[in-house]
Amino acid sequence: MSQSEGLVGFFKPSRWALEREETTFANHGWSNKDMDPVPPRLRTWTTWNYISYWISDATNLAVWELASSMLAIGLSWRQAMPCIAVAYGIISIVMVLTGTIGARLHVAFPVLNRSSFGFWFSYFTVFSRVLLSMFWFGIQTYNGSQCVYQMLKAIWPSIARMPNRLPVSANITSSGLMCYLLYWLIQLPFLFVTPHKIRWLFFAKGVLTPIAWLAMVIWAFVKVPASQGLFSQHATIEGNYFSWAWLSAMNSALGIYASLSVNIPDFTRYAKNERAQYVQPFIIPIAFTLCSFVGIAVTSAGIQLYGEVLWDPLLLIDRWDNRAAAFFASFVFALTTIGTNISANSLGAGNDMTALCPKYINIRRGQILCAIIGGWALCPWEILANATGFLSFMDGYTIFLGPFAGIMVTDFYLVHKGCVDVPAMYDPSGRYRYTGGFNWRAVLAMIVTVAPTLPGLINSINPAIKIGYATHLFDIAWMYGFVVASLVYYVASYLFPAHDTHVDTLISADDVMPIDKQYEKDRQSPIETMQSGTEGEDKKSVNVETTEVQV
């Protein structure tokens, strides 16, 4: 074969087609191994894994910066802490509700979403989240590169004087581009780790990061006693402005994990059992409130030491004279940014791309595409330098995420009461086709919810456009979206039920998929085992016939 023929063959679509797996759903062409329900042998996440996951996620730059920025807008620490606790308490409840769906059905968000939005309309939620994940992947990678810069500066202080060979129009310096490349390369191998094994990264983060954060809060109280720093700080706003600032700050706290509250099934589908992820409503408020307190305490000390609000911890680290402490703190922030980028961005994008093109893309390939497109094609340093309005739009995406979560929760628990047909979620002509692949009830809920908040989004992008008090609705966009979308969807589903989508009992993937025999006995309860001899075969045949799945 000539070199030209080999090159042409390399780019042929058939060259990149995934090998067909001997699984029930992959044989239909609308799934692959990564999109199929998780088999018992890969359900490995335990309660301790979810605890370490959330502890590691609580200790990331965004949580610190959000808490610190509350001081910058005029709230005192006494006002900011309840705001943070309430926000993370709310999001933890939503997290366990959507997480339970994944743990019970063992399917990813892009698949289970078809039962509530309709097979084809669900692709709107999937495609929009792909774009969001890629943009934020690049921005988080740029944040991680700042950590690398501080680490190198701690070892070689001369890097601060490194000549810049790039033009000003590049919006990044030579040293900045070097650090970005280094961080991107450091992060890349973690994208090859399978989702059911990535829990060990979160365990390492959950051990190392709290140590660094505890050391920083001790440093803050030693340098500036609480009576002179934290406890002496008071609010600078009052009245109605304070009330709306408090609600807006709470909405921002909700917004940080609004995306993950929707795609947490991507992780909980690997749970050993449904109970493993029930710890979320307990660990999330505690871990995030404590970590936010650290950010507020250290920022308060920075105000006294340096005379300004350094809400970005890397700006604070840049002022330190102790190079060893600066290196360790920056290393921990770099590690936690990798974990956050995987959990909140690359893994979600990988799952979504897999659903969009299951014949050619699996989770690993999806993550690599996210790293290339989000990391390089989108040039995040250009976004951060030139697109304040664009970043406001990305932050404002919570106007969609609140309704997404509300519709998912309402559909599963209130409309279908947990009785769904998992195999039908893989069939474009199945029971979840609704009307032309669109569930008009979900479409209605989205329109009614999103439309009133659009003026506020426009104002956040361009403050010159005045919209009066309508901006306040945008200040509580996630809460408003979740509640109103849930209500509209439930009323529409109650008045105009989609009878074809209702089943009498849960039809799980385990009922129709081949299961490893060594796990089959563990899956069944004693009662199910006793009943299997009398009604198991009849039920199984009905399920297979109803869902048109051929085993």
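Residue numbering: from 1, along the chain as shown.
Keep in mind that glycine also has a Cβ here, set from the backbone N, Cα and C atoms.
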Between the candidate ranges 62-83, 326-347, where does TrEMBL place the transmembrane segment annotation? 326-347
Quick one: do the transmembrane segment (117-139) and the transmembrane segment (478-496) have at least 3 Cβ pairs under 8 Å, skipping pairs fewer than 6 apart in sequence? no
In terms of Cβ proximity under 8 Å, which residues at least six beyond the ends of the transmembrane segment (478-496) contact it? 90, 94, 250-251, 254-255, 258, 398-403, 405-407, 409-411, 414-415, 441-442, 444-446, 448-450, 452-453
With the cut-off at Cβ under 8 Å and a gap of six or more residues from its ends, the chain residues touching the transmembrane segment (397-416) are 94, 97-98, 101, 112-113, 115-117, 125, 128, 132, 251, 254-255, 258-259, 261-262, 442, 445-446, 449-450, 453-454, 457, 474, 477-486, 489-490, 493-494, 501-503
Given the transmembrane segment (200-221), which of the listed stretches 85-105, 241-262, 282-306, 326-347 has the most Cβ pairs that are under 8 Å apart from it? 326-347
Count, for each of 85-105, 172-193, 241-262, 326-347, the Cβ pairs lying under 8 Å from the transmembrane segment (282-306), and report the range with the highest count. 85-105
Counting Cβ pairs under 8 Å that are 6 or more apart in sequence, does the total for the transmembrane segment (326-347) and the transmembrane segment (85-105) reach three or more? no
